[in-house]
Amino acid sequence: MKKLNLFGRGLKLQIAIMIGCQMAFILFGYDQGVFSGIVTNEDWLNTFGHPGSGLEGIIVSIYNLGAFSGCILTFIWGEKLGRRLCMWVAMGWIIVGAILQCTSYSVPQIMVARYITGIGTGIETSTVPMYQSELCDADKRGRLVSSEPLFVGVGIVISYFFDYGMRYVGGPVAWRVPIACQVIFAFVVIFLVFGLPESPRWLYYHGRNEEALQVMCDVWDSPPDGEKVIKMQTEILETIALERKHGEYKWADILKRDDVQTGRRVLLAYGMQFMNQVGGINLVVYYVPTALQNNVGLSSNLSLVIGGCVQTMFFFGSLVPTFLLDRMGRRRPMMWGSAGLGISMMLIAVLLSFSTARGYSKTLEKATSSASVTFFFTYMLFFGATANCIPWVYVPEILPLHARAKGTAIGISSNWLWNFVIVMITPTLLNNLLWKGYLIFMCTNFAFIPLVYFCYPETKNLTLEEVDHLFTIGGRHGAKALTAPSQPVQESFKAQALEDDEKVVGRMGGSSAEHAEISEEIKDDNSG
């Protein structure tokens, strides 16, 4: 695919890559948040016949089902198309869906339009974190990839306050214009991708070694024989050779146990995004104005204002991993974050339980329900600082190169499948279970603490190729070798152990002739 030299080399190009990925996630956040202020708009309700809570849940959540379908498309074609073309295709789906949404006059049309928009979002979210992971240094990967979910918060806050301001305009413009504005972000991403390079790891995997080498030289502003470029090339080529030791990888092998434990790592990716969703985040993102109005008893206008302020905590919380994730690691923040999320949900449930329907006074009900608003804020702050960002970082970095596109699609599909489930059932939970519905999410968050402790290894400050070696050696010895509370994973691989374990990995640091030999083997595999 054609690439224009819009951003030069080195730091300028790295910043352009980062901005392109962040802009895609602002669009993602805007898409997610824009409907929360629309479903209570009087003109929207009149246009679509005042849908009940069940139908409203389907209208909102079908977007997530579309995103799940987009992940499936990425699983099938993502590795063939490459990272840049996938991003373009995603923007195309989003633009078409946005146009159909803002011109909708019936429930079937708005459902089809949201499904189409969701397909684009699914492709985008399956591709962008992986693309950023493959084009950054190991010691910056956590901060850079976690900055993308930070900008999801930016998109959500923009959509919330845009919806709020447009309420005063009135009529169909109040909800059609916010939906139509999605296309602005999409066109910006399309333009930026014209000047961005393809992932060098994808290029090497497909035998396009000269292009891959040029990309690395451009991104890190280095000559072809620079120490950093040579080291990265060596690691990538040798890892590809190790992963292909038993022949070309097929999608049917995605869950099989092999030398680098691909199946286990795909399940870890799936589980990490499961935790991102089943802790109850989309109750807050999509329905916090409804929850504040129906459960807390606030007015419609005040619910929207406070709902928008709650979303700002998503942004402020996400600043923590954006600057500190490569120091904090992945495991401990996830465990502490799950504890904070569980406690917040528990306190919301407890404070909302003092209702007049259960025999308490009106004064006590008003005081405790008002106090519960505090813990919507703490929930969003904890989520932004932990479970918002870490799964998006962890999924692409835990997966081996040969299964990264397909495995990332499977991992992100977990996000969208469970997003769909939670968004669809939430209106019923809020209307029927009231305060008891929050206890469900309290239990799921507390359950994630032992799950992370016993199943998830630490991966901070490792190159993507070093993560492979972690599973090649330490992974053979069971959960204990990978999940000790404070064991640095760097201890899991020693030079001599690598030589004993895999002959091909023993070539690391070898001559340029050996590098060329590995390159030729990979080219032969691709051509075969």
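Glycine residues also receive a Cβ, built from the backbone N, Cα and C atoms like all the rest.
Any TrEMBL annotation is an automated prediction that lacks curation.
What TrEMBL records for 12-30, 58-78, 85-106, 174-196, 266-288, 300-324, 336-355, 375-395, 407-426, 438-456 is transmembrane segment. Per TrEMBL, the feature domain 'Major facilitator superfamily (MFS) profile' maps to 17-460. What TrEMBL records for 507-528 is region 'Disordered'. Residues or ranges marked as compositional bias 'Basic and acidic residues' in TrEMBL: 514-528.
Tallying C-beta pairs under 8 angstroms between the transmembrane segment (438-456) and each of 58-78, 85-106, 266-288, 336-355, 407-426 places 336-355 first.
Here the listed stretches are 58-78, 300-324, 336-355, 375-395, and the one with the most C-beta pairs under 8 angstroms to the transmembrane segment (407-426) is 58-78. Remote same-chain residues near the transmembrane segment (336-355) are listed as 275, 279-280, 295-296, 364-365, 368-369, 371-372, 375-376, 378-379, 382-383, 385-387, 390, 434-439, 441-443, 445-446, 448-449, 452 (criterion: CB distance under 8 Å, separation of at least six residues from the stretch ends).
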